[in-house]
Amino acid sequence: MFFWHPHPTFDFWQHHSRHKHHDRTTPSLGSAESGESPPYEVTLEPAENPQELSLVRRWLPVICISTASICVTCASSMAAFAEVPVSRQFHVSMEVAILGVSLFVLGLGLGPLVAGPMSEIYGRNIIYRLSFALFFVCMFPVAFAPNISVYLIFRFICGYGGAAFLSVAGGSVSDMFVNSQVATPMAVYTICPFLGPELGPILSGFINQHLHWRWTFYVLIIWSAVQAAALIIVVPETYIPVILKMKAQSLRKATGDPNWYAPTEKTQHTSLARTLLVNCYKPFYFALHDHMALLLNLWDSLILGILYLTFQAFPIIFEEKHRFNLQSTGLTFLGIATGMLLGLCTMPYWNRKHRNYKEEHGREPPAEFRLVMGQVGGVLVPVALLWLALSTHSGIHWIVPVLASVPFGTGTYFIFTSSFTYIVVAYRPMAASALACNTTMRTSFAAAFPLFAGQMYRALGTVGATLLLAGLTTVMAPLPFVLYSLGPRTRETESSDNGPRLA
């Protein structure tokens, strides 16, 4: 969902798309007989360019990667409705059982620090397969856990394995579509990690209402097996530097000529260990030195924390106040999911505003232009939470709080979409580090909020606790307006203080 951590590849793609045909000084893969002096740089034939694949062959991987991200994020929240039977079977407190959700989300946040840089060295496909294999295999110890320790440890590893679909997938989508075509497939992919956490309680509610809690994870195993087969069958390698490297290796083997090389083989001298260390260090450096980005990350973190807090709050509101059973409580999450889908439906409007600005001014809009959507979301979320707080009394019909969750879902989608696009544009040279910083902070809040949600709602009541959340989001609501006004000047100041990093 909300953990998207793409590694920008547009510039490289456009460079190679403009140089599909071989020039006179660089022999093609099919011209080994060339008399040119070594070394020979390999280049792409048009048929080998992922952007030249048929529309079906490009959309199938997008759909497959998107459903995989739904599977992973759905797995994060499905455990929420299994917490009561887990606590009973393993004789632990509810707070310990809730760690099944928190540790999974923490794994989702830490995984991109490794999966992202490895995908740029070894390619997208191998990372997908290895990561999903880890996710799939570790689901078995969770499903058949003999004690709480095994259950929690492997929940964390499952989340860590599934993180590749939230950190690498955005790059895969951009690999297969040129800039003028990428908006629609990227919008389809982006909504999927948002919907997964809302789908989890819906499925888990029905499962745990009628079956043993372990069936929650049996179902995930079956789903993951089907998803893994689809990944192997329909998702090709799409990262151009790695495709070229594989072609160079193949040609060296076929011709016996060691002089064929890919561009990355000449420039990629940093060791994997150093790359991973730098990738882990940069987000924390970024968080400490860029105060504007830190505030934006804090806002995103609060919203995601509240989203995951609802997995504890909704059962209190609907089971205790309205006497819902488990499956009916799960269905109440359709309100948030509907709101997110409504947010997706507005994307043509936002894209049209972007095009109109470009046509009117003859240039790309500034990074702060992306914050307009966040301004709308910043207003919708506290209004929705206030509406929810005032409608949690048992005397008020249950449909009212469900309806209140719809604008919350829309506002959440607007905030995250606005933040992600703003970060990518405003901090383009360091976009990967900026997004990694955002991801780490968000998942930390998402992991922590469910742990105190139950105590907070019982101590303050459903009205008081939800009003507190509405108050916190109200305090943060002016942030996108402030950044819109002061952002360019602040970014220039911090850039001069900490080194150039702006687009």
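Placement of Cβ uses the backbone N, Cα and C atoms for every residue, glycine included.
Automatic prediction, not curation, is the source of TrEMBL annotations.
Annotated features in TrEMBL:
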DOMAIN    61-489  domain 'Major facilitator superfamily (MFS) profile'
REGION    23-43  region 'Disordered'
TRANSMEM  59-82  transmembrane segment
TRANSMEM  94-114  transmembrane segment
TRANSMEM  126-144  transmembrane segment
TRANSMEM  150-169  transmembrane segment
TRANSMEM  176-196  transmembrane segment
TRANSMEM  216-244  transmembrane segment
TRANSMEM  294-318  transmembrane segment
TRANSMEM  330-350  transmembrane segment
TRANSMEM  371-390  transmembrane segment
TRANSMEM  396-427  transmembrane segment
TRANSMEM  463-486  transmembrane segment
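Counted as Cβ pairs under 8 Å, contacts with the transmembrane segment (371-390) are highest for 396-427 among 176-196, 294-318, 396-427, 463-486.
Between the transmembrane segment (463-486) and the transmembrane segment (150-169) there are fewer than 3 Cβ pairs closer than 8 Å, counting only pairs 6 or more residues apart in sequence, which means the two stretches are not in contact. In this model, the domain 'Major facilitator superfamily (MFS) profile' (61-489) carries an average pLDDT of 89. Residues 3, 5, 72-73, 75-77, 79-80, 82-84, 86-87, 131, 148, 151-152, 155-164, 166-167, 276, 279-280, 283, 308, 311-312, 436, 439-440, 442-444, 446-448, 450-451, 454 of the same chain lie 6 or more positions beyond the ends of the transmembrane segment (94-114) yet place their CB under 8 Å from a CB of it.
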